[in-house]
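Take a look at the structure set out below.
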Amino acid sequence: MAAAAPSPSSSAFSKTLSPSSSTSSTLLPRSTFPFPHHPHKTTPPPLHLTHTHIHIHSQRRRFTISNVISTNQKVSQTEKTETFVSRFAPDEPRKGSDVLVEALEREGVTDVFAYPGGASMEIHQALTRSSIIRNVLPRHEQGGVFAAEGYARATGFPGVCIATSGPGATNLVSGLADALLDSVPIVAITGQVPRRMIGTDAFQETPIVEVTRSITKHNYLVMDVEDIPRVVREAFFLARSGRPGPILIDVPKDIQQQLVIPDWDQPMRLPGYMSRLPKLPNEMLLEQIVRLISESKKPVLYVGGGCSQSSEDLRRFVELTGIPVASTLMGLGAFPTGDELSLSMLGMHGTVYANYAVDSSDLLLAFGVRFDDRVTGKLEAFASRAKIVHIDIDSAEIGKNKQPHVSICADIKLALQGLNSILESKEGKLKLDFSAWRQELTEQKVKHPLNFKTFGDAIPPQYAIQVLDELTNGNAIISTGVGQHQMWAAQYYKYRKPRQWLTSGGLGAMGFGLPAAIGAAVGRPDEVVVDIDGDGSFIMNVQELATIKVENLPVKIMLLNNQHLGMVVQWEDRFYKANRAHTYLGNPSNEAEIFPNMLKFAEACGVPAARVTHRDDLRAAIQKMLDTPGPYLLDVIVPHQEHVLPMIPSGGAFKDVITEGDGRSSY
């Protein structure tokens, strides 16, 4: 998307201090509009927020739970640690763009991912005047929003991305939808045409508030420069409270240019939202859950991304009960994968023993999950023998797909702390003993381990991830694109802790891996960050190689290159008699050639790169990748016939699980 020149008609400053200003409230509306209550209702709401559409977006996958908000909790990160010192005098007028940047500073923002254009260049000019905020310049706005997501997923603090109006703003759409589905706290700021041009089909005008209404937790169109401090404060509060999600702030260019003396003490206007935040968990219900545990013989924990802030409390709960743990794709890392009580991932490509455990259980403890179709398969058959306990921060998720016997709408962390307190008070009295159940599951682990075959000196993709796990001691931050490589990374890397695993779960957005790794490397510069990617996903945002080079980010890219859209090929093999329908990404006129040459992309951006084709050379090649300072790309050539197994077909049940076969067989 080419950056556009500014509109010549919007270059003069507008002063809100002067009643004679051409943009005074007598000529233009001064209200900042939040979105309507519901995307299917056209009646506009009051000008203050009374409701967020938590109940609307029922298909979201968990990213994290939030802190429960109390009256004495500080909203701003900087307020928690030190008094903010402005570079402006208290009564000094400044541009709206400077107010916006200072508002970000006051929220503790130190990094943004921003791509300039005509409608946002005032914000970029203000960023150059900030000594606090660093802009990491992506090479595409989608790269910027995915990087903001990676930052948020890796750090827990809202990621910030900025784009211009029109195509710049619409390039954020996939990232906003992804953040909503995975409950990731990000704040996206877009430039907009001047207020007087809104609705005139002006150059690069897009009604981005309308476009993103159904894929954001909340959004704003700022129509009064004096609203900026409040709007930014609310945006960060909304992004990380309750069920986290993306917030969009659309700022017209004339608002950015107006002079104003900001009021930093404006209160937030969120009465409806505040009243809907989850309350403390009901103690009687917690006691009932403990009683169900004591009465069960085959309990299983089913944990999701909602547990990512509660890892220590979850571990303590498992220690007190001895209940085995199965994780969703988004929940990986909440409980150590290598622990003897871990069943690893369940669902479509989960382990046989995790799915066996859920299928055989008499009590399913579903914490921070949404009973997604990729986990449950056929709903009627999922955990059909079990009583179900569902704890979630979002009331809309409870009973949406699977009706629980006991449910609590609460912060998972507080619920776990309450359960642990009850269990500790009863220690020695409950006499929980699930050893026979654990032994049954251990036998399933022995009988149905994750495994793969080797063919000559070809490199099995699963083996590449195993070696990476060994060489990093399972401590790297891993990002992925979407496809087979994503599932193998979920299966074969042993995640030790939360915020190690960055992947597009609910939306399944290809091109996510490299930008997300950029965000993680910016937010956690002392960690090893590896993008495990597929050739199809990688090339969708390959331009971000320039970003990691220019920023000297030590992002390692391990590319599992089979020159195919591997997951679609797998389905073609299984369900379409191996008929190839545009899934070959190489050069049909020369199939012996590795095409495109990923090493040339890296070379063009000055990123060191190497290719490995033989299994015996793989370990040394990965070690060199890890040892090389700065960014590095390792092109690992793998067979396209490999299938991700186990596999429960879409809409199937545990009895339908597939454990054998690949593209070398016919079906």
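Glycine too: its Cβ is placed from the backbone N, Cα and C atoms.
The region 'Disordered' annotation in Swiss-Prot covers 1-45.
Per Swiss-Prot, the feature thiamine diphosphate binding site maps to GLU141. According to DSSP, GLU141 (thiamine diphosphate binding site) is assigned to a helical segment.
Listed in sequence order, VAL112, PHE113, ALA114, GLU141, GLY144, VAL145, ALA147, ALA148, LEU172, GLY175, ILE186, VAL187, ALA188, ILE189 are the same-chain residues at least 6 apart in sequence whose CB falls under 8 Å from the CB of CYS161 (disulfide bond). If you look up Swiss-Prot, you'll see CYS161-CYS307 marked as disulfide bond, on the strength of experimental evidence.
Annotation source Swiss-Prot lists FAD binding site at ARG243, 349-370, 392-411, citing similarity to another entry. Within the same chain, the residues at least 6 positions away from GLY399 (FAD binding site) whose Cβ sits under 8 Å from its Cβ are HIS390, SER407, listed in sequence order.
Look at Swiss-Prot and you will find 484-564 tagged as region 'Thiamine pyrophosphate binding'.
On the backbone, the CA of ILE393 (FAD binding site) and the CA of CYS307 (disulfide bond) stand 10 Å apart. Sequence-distant neighbours of ALA354 (FAD binding site): residues of the same chain at least 6 apart with a C-beta under 8 Å from its C-beta are ALA326, SER327, LEU343, SER344, MET345, LEU346, GLY347. It is 12 Å from the Cα atom of ARG243 (FAD binding site) to that of CYS307 (disulfide bond). The C-beta environment of HIS405 (FAD binding site), restricted to residues of the same chain at least 6 apart in sequence and closer than 8 Å, consists of LEU292, LYS387, ILE388, VAL389.
For the region 'Thiamine pyrophosphate binding' (484-564), residue counts in helix, strand and coil come to 36 helix, 16 strand, 29 coil, using DSSP. For the pair formed by SER360 (FAD binding site) and CYS307 (disulfide bond), distance between Cα atoms is given as 23 Å, rounded to the nearest Å.
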